[in-house]
Amino acid sequence: MNIKNICCIGAGYVGGPTMAVIAKQCPNIKVTIVDINEARIAAWNSNNFDALPVFEPGLAEIVKETRGRNLFFSTDVNKAIDEAEMIFISVNTPTKTYGKGKGMAADLKYIELCARQIAQVAKEDKIVVEKSTLPVRTASAIKSILDNTGNGVQFQILSNPEFLAEGTAVQDLLFPDRVLIGGDTATNEGQKAVQSLVEIYTNWIPKAQVLTTNLWSSELSKLTANAFLAQRVSSINAMSEICEKTGADVREVSKAIGMDSRIGSKFLNASVGFGGSCFQKDILNLVYIAKSYGLDEVADYWEQVIIMNEHQKNRFSDNIVKTLYNTVSGKNIAFLGWAFKKDTNDTRESPAIKVADNLLNEQALISVFDPKVVEERIYADLEYLNSRDPQENRTLLSVKKDQYQACHNVHAVAILTEWDVFKTYDWQKIYNGMQKPAFIFDGRGVLDKTLMETIGFTYYKIGSGN
Ligand SMILES: NC(=O)C1=CN([C@@H]2O[C@H](COP(=O)(O)OP(=O)(O)OC[C@H]3O[C@@H](n4cnc5c(N)ncnc54)[C@H](O)[C@@H]3O)[C@@H](O)[C@H]2O)C=CC1
Ligand SMILES: O=C(O)[C@H]1O[C@H](OP(=O)(O)OP(=O)(O)OC[C@H]2O[C@@H](n3ccc(=O)[nH]c3=O)[C@H](O)[C@@H]2O)[C@H](O)[C@@H](O)[C@@H]1O
């Protein structure tokens, strides 16, 4: 089946970039991205390309090229569903904050609402594609909702999880390691639906990299990939603590083990902890699934990845307090970076939030500078934790327009995100403006130790034992 009209429900970090790249690579397909969030759609439609809702290198150029040609953003969800032959569901699937599975299971209410809306609106056969990350076997729940409308419309469900990482989304979408498509292997219709999605991707991706599986393998592979990636970060972070006690350097250890081709060199950067909207959520979801099948040892094994990550964030703030003579009350600490990684404005589950919260509990005064994150986002992140009165957050923490303002007169600088630009700052100037002794706590290992110590800083680098 030659697809000509696609719709994507959810104009977020995944829906926006993913569909923009499909529109770019398939000029003959009309792609409409819909969302109930009017402000988000207005921002996608804005002519201020610096203010698109998602900042990703290269994305604004693609939106400029395709928007109005074959890429459209709209709040008219029903119309887009009605017109599309293939509907991607790319809505959020956060950790449940209520009821059964609270704090662990994925909240599928947005997915279910989409399925019900598709069921209600569709008058012709449709292919429904799970783009969101979902618990294994969700496709059967979606199918059950869609098949019980009684209007005779036939639906095929595909699983097509997204593996892009933020900050490199466009490159990841243009040159993915693989694309995964799961479908119904038992019927011809199921396999035809799989092929129609394969045909879309093979417009720019070599066929050998488009992998097809059954639905459940596809759904579970996404959770598995994120669990393995997060596990690597927790594993190297665990080693970073041993390095600090023993005089080893975690960067040397990473290099040494990464040269073993069985281990590989990627994803071995020790850090103040992993963040992002998905690693924690997806592992918690995996833990919940394992528990629900009575697989307690499996659940405990994966839960340890999260426990280690929490420990890494807490030990970073504990170390700041301990080094600053066991109290930070009334002391000024600059945060460079708030995003959960470089090259994104996304702050979801950023380790900076937890580290700030810990230090605010100790009555520190924090000034933050991040090249891409806006002030209100930072306050919203803190307010979400509900640790103190929102006004108190605004009194204790201020957001600065540049790095020199943020670091002026502070006792310590903490680096929370690995923005490349931090390396280019005039660190002598920063040192001159600070209280002495001047401390740097480099939670991402981005600065040069020798240079910092020559300037006069007392410099702590995560995972460095000397
Ligand atoms: N953020 C990332 O880098 C990645 C995320 N994922 C997965 O993709 C999914 C989406 O994630 P994000 O794009 O980050 O979420 P997001 O929160 O940025 O975007 C989701 C959008 O869906 C909209 N939405 C929710 N319910 C809707 C409905 N019924 N009708 C219309 N719009 C609706 C929301 O208003 C929101 O704009 C999640 O399952 C996530 O786990 C997968 C790979 C990467
Ligand atoms: O499902 C998702 O949402 C996505 O989750 C991650 O992508 P993302 O969270 O955008 O970014 P990563 O590059 O994976 O970084 C996640 C966190 O781990 C940290 N990290 C990563 C690598 C590393 O070596 N060390 C480290 O601390 C990063 O700083 C960041 O806080 C996966 O890499 C994507 O494949 C997946 O699609």
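Placed from the backbone N, Cα and C atoms, the Cβ positions cover glycine too.
Secondary structure at N92 (NAD(+) binding site), as computed by DSSP, is coil. Among the features that TrEMBL reports, NAD(+) binding site is placed at 10-15, D35, R40, 91-95, 132-133, E166, 278-281, R348.
Long-range Cβ contacts of C278 (active site, nucleophile) within its own chain (separation 6+, distance under 8 Å): T133, N226. Taken from TrEMBL, the feature active site, nucleophile applies to C278.
What TrEMBL lists as domain 'UDP-glucose/GDP-mannose dehydrogenase C-terminal' is 334-449.
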Listed binding-site residues adjacent to ligand 1, that is, members of T95, E166, Q280 whose C-beta is under 6 A away: E166
Secondary structure tally of the domain 'UDP-glucose/GDP-mannose dehydrogenase C-terminal' (334-449) (DSSP, helix then strand then coil): 46 helix, 19 strand, 51 coil
CB contacts for N92 (NAD(+) binding site) [other CB atoms within 10 A, all chains]: 19
Sequence-ordered recorded positions from G10, E166, C278 with Cβ under 6 Å of an atom of ligand 2: E166, C278
For Y13 (NAD(+) binding site), the number of other Cβ atoms found within 10 Å of its own Cβ: 25
